[in-house]
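Chemist: Features from TrEMBL:
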type	residues	note
DOMAIN	A:12-424	domain 'TRAP C4-dicarboxylate transport system permease DctM subunit'
TRANSMEM	A:6-39	transmembrane segment
TRANSMEM	A:60-80	transmembrane segment
TRANSMEM	A:100-129	transmembrane segment
TRANSMEM	A:141-165	transmembrane segment
TRANSMEM	A:177-199	transmembrane segment
TRANSMEM	A:220-242	transmembrane segment
TRANSMEM	A:248-267	transmembrane segment
TRANSMEM	A:279-300	transmembrane segment
TRANSMEM	A:320-350	transmembrane segment
TRANSMEM	A:362-388	transmembrane segment
TRANSMEM	A:408-428	transmembrane segment
Amino acid sequence: MSPEMIGWLGIAALLVLFLLRVPVSISLIIVGTVGLAIIRDWESAVVQLGTTPFSTASSYSLSVIPLFILMGMFLSYSGFGKDLYTAVDAWIGHIKGGLAMTTIGTSAMFSAISGSVNATTATMARIALPEMEKYQYDKQLSTACVAAGGTLGILIPPSVILVLYGILTMEPIGKLLIAGLIPGLLQMVLFMIAIYILVSRNPAIAPTTNKKSFSEKLTSLTKIWPFIFLFALSIGGIYYGFFTPTEAGGVGAFGAFLLTLLTRRLTWEGFITSLSATTRLTAMIFFILIGADIFSKFLALSRIPVAITQFVSQLEFSPLMITFLILVVYFILGLFLEGIAIFVLTLPVVYPLITMLGYDGVWFGVVMVFVMNMGLITPPLGISVYIISGVAKDIPIEKIFKGVIPMLLMMVVCLLLIVIFPGIVTFLPDYMR
Amino acid sequence: MINKIEKYIQKIVELEQFIANLFLLFIMFIITLDVLGRNLWNKPITGTVELTELGSALLVFFALAMTHRKDEHIGIDFLVDRFPLPLRHFMIGVVEIIIAIVLFLMARHVFDNGLRMMERNATTTDLALPMYPFLFVVMFTLAIFALTAIFKAIYRFRRAVRKS
Amino acid sequence: GGGEEDTGVEEETSASGGEATTEVAEVELDFSHFFPPTHFMEDVIQEFSAELNEATDGRIQITSYPGASLAAPDEHFDAAATGSVDIALSVHGYTPNQFPLTSVMELPFMSTSATEGSQALWDLYNSFDEFDEEYAGTVPLWLYTTDPGQLYTVDKPVKSIEDLKGMRIRSPSPETSEWLEALGATPVSMPMNENFEALERGVVDGTIAPWEAVKTWGLNEVINYVTVGNFYSTTMFVVMNEDTWNSFSEEDQQIIQELAGENMVKKTGEAFDQIGAEAAEEAREKGIEFYELSEEELDEWREYIDPTINHWIENVEGRGLPAQELFDQATK
Ligand code: NA
Ligand code: NA
């Protein structure tokens, strides 16, 4: 049997295990290990089983995730999250889907602090989901908002993925980071439009509240200073060079800790719950990432990603058609592979092709981020949705995947806009020069 | 007898959760102190990067078993939810056994990895801490995770039989 | 500029790769490394693979897996030693203290170029049997060093020790951190992939790296000054799993040895020097200011740096290894 064939069978086996309710992480580990054993040999497969768990869990870029989650937990359990949503409700609670839009907006702000989708999603899930539930927002809508908002994490700078793309392709990193900003904001607006359409069609999913008096509005504002403080601390700290975006997780969590301590808003019990909930959510996420790592080593050896990208690149179509096909291939790969793995496995074939066709390398970096983001919210391997599912336990995971579809469509719209009008991406970085 | 062992494992799992929380606090404090030290006194804390890496990895492994006990490792219920209850219990019981096997296998090879690291004197970069003890600890946490799965399997099988 | 060159190379390799597979190879070897797929080392590896394939009449076929897609950068040696890959290339420093003898080449002032450093390292490896223990479970195909590391800064040039005082410098190794501190700077440890943003925002004021890395990690976008002093070298290995090696006939082993070894040591060294020179040239064109420390100035620096070298010798001697002898031969 050819390695490619083994690869496809592995993907099929993964789907079967998922359906049999084997946890996602364990399924990935099983298929990855068995697949490696078949392609190479059992010895080397179990070596991977012994090395990958610790090596993945101890990677520095991931270590920021629990800290961002902890920040979210502190803010949520101390009631600061509630205050934020009360204030938002006071100002725009009468607007259709106002709180959902706020979730998108707040995600965008968190994206300016965090460079990763996982961290942004987990933080926002903890802050936003319970609050939207209180206002009786439909869970499918609220989880979709958090999933969508989280993807802004790698578009709006800082972005670990755009830095990685720059290193893989030697495109200028400074330009890449700036290039993500406008598409990120555009994406944010499109998400809000999606919410508006959804709520207009079915107002019951996002109940509006009565207009508040001006004094109510003002009082509500006095309570959101902890958020302003934390954003100012984190964004200021990053842009003035006091700490790196990774360290911002630690400083942000510590800032939230101090706030809860000084305002005495967090009970001892709430404090312990925050810690325990954070470590367990992190454990769940990391174990999936460990599985995804083993699985992607298997897929790398199966050579499927290289084979299909190579196949598409040899087709004799117009540049636009080839670009389109490449995006379709990426969408398919994104169903099963974690983003960074997709990058590493396919860029050697795709990047030279794209630049040869006359496209801008910086532009393509942003396109890649969109493609990756879609992979994060599509089944069967959709890590953002898994993270949200880890916080929102009373909604079935398939419902979250379903709710995300309108947001996914908006990402497609945004991607098409970027493909048709590349200036949306290249305008800012070109202006920088 | 089994109940006694289960109680004992549960205590360990709770202790593990506590240790995981301590590691979380530890990485929060050390990053903050390092940032302050670097900016205010030009004295960063040597080894912050590797301590953060180790702390974050250890908090994950120490929290794994409790995460499993609380059924927080994401799985897809879609199909299984449609089965009659006894069959559902049975299937989940089988899955628990599979989980336990995978984890015992993983624990064993993490241990081998630890042995290799011990032989090769593998250490961290800045503080030159030996790596192998961490891997042995990870092996232990994985074994506890596996045992947790076995007790969940027993519970499921009992339920499956009782209902039918 | 660089992008177009890469395009050409990629096309060639993928085309030739397609042809080579028509002949069925007896042995297929998985070659894993951490460099980005577009890095010039991938081309060096492809060239080596093609030569080996030809020399063995297609019996041995190497497939390269760039971008650490089979193992994390710090897992590479272990991956080769355990046979989870056949050949692995990585940085010794990613697994500190495991290569005590090899690490002599990481010390300051060991070489002025990658070619020189690589040759020196390979000669040491061949003249001291004690190296065998470091590479147990594997057969080193070739070892090399990058071009020497220089000091790059963003806001302020470093022309004297006085200038360096109080600056936060990203340090590549604990030894470098030690002497940076002795000189009054603040060494900062951080992963290379965070270096760009850290320099841009001023989290660190400078970094020590080879020119090759400056180019690979895009640092030339953010640095403005460079102080040339050959402060550090990154050393790297290319090793084959021992069982894989033993599975070859003596004839094939000889072919591999001839194509690898000295031949690749030289080629890799030259490749790093060429890219280093290009990167430096680009930097010059961009207006990045160079300052080369004179011998007299370096002597002043040495006063602070030599204790680190002595510590290294003591430390490695303490492990029962001939560090002094090794160091003397390396600096002869
Ligand atoms: Na971001
Ligand atoms: Na997906």
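Cβ coordinates come from backbone N, Cα and C, glycine included.
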Chemist: Could you please provide the mean pLDDT value for the domain 'TRAP C4-dicarboxylate transport system permease DctM subunit' (A:12-424)?
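Modeler: Reported value for the domain 'TRAP C4-dicarboxylate transport system permease DctM subunit' (A:12-424) is a mean pLDDT of 87.
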Chemist: What else in the chain is close to the transmembrane segment (A:320-350), if you only count residues 6 or more beyond its ends and a Cβ gap under 8 Å?
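Modeler: Residues packing against the transmembrane segment (A:320-350) from afar: 11, 14, 161, 164-165, 168-169, 289, 292-293, 296, 299-300, 305-306, 308-310, 312-313, 357, 359, 367-368, 371-372, 374-376, 378-381, 383, 415, 419.
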Chemist: Taking the transmembrane segment (A:6-39) as reference, which of A:141-165, A:279-300, A:408-428 has the most Cβ pairs under 8 angstroms?
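Modeler: Selected stretch: A:279-300, with the most Cβ pairs under 8 Å.
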Chemist: State, in range form, which of A:100-129, A:141-165, A:177-199, A:362-388, A:408-428 has the highest count of Cβ pairs under 8 Å to the transmembrane segment (A:279-300).
Modeler: A:362-388
Chemist: For the transmembrane segment (A:408-428), could you work out the same-chain residues 6 or more beyond its ends whose Cβ comes under 8 Å from its Cβ atoms?
Modeler: 148, 151, 178-179, 181-183, 186-187, 190-191, 193-194, 320, 323-324, 327, 359-360, 362-363, 366-367, 370-371, 373-374, 377-378
Chemist: Please report, as numbers and ranges, the same-chain residues at least 6 past the borders of the transmembrane segment (A:141-165) whose CB is under 8 Å from any CB of it.
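Modeler: The answer is 61, 97, 100, 103-104, 106-108, 110-112, 114-121, 124-125, 128-129, 132-133, 171, 173, 176-181, 183-185, 187-188, 191, 194-195, 198-199, 205-206, 238, 245, 339-340, 343, 347, 365-366, 368-370, 372-373, 376-377, 384-385, 387-388, 392, 395, 399-400, 403-404, 406-407, 410-411.
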Chemist: How about long-range neighbours of the transmembrane segment (A:177-199): same chain, 6 or more residues beyond its ends, C-beta under 8 Å?
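Modeler: Contacts of the transmembrane segment (A:177-199) (Cβ under 8 Å, skipping residues fewer than 6 from its ends): 96-97, 100-101, 104-105, 108, 111, 141, 145, 148-149, 151-152, 154-159, 162-163, 205-206, 362-363, 365-366, 369-370, 406-407, 409-411, 413-414, 417-418, 424-429, 432.
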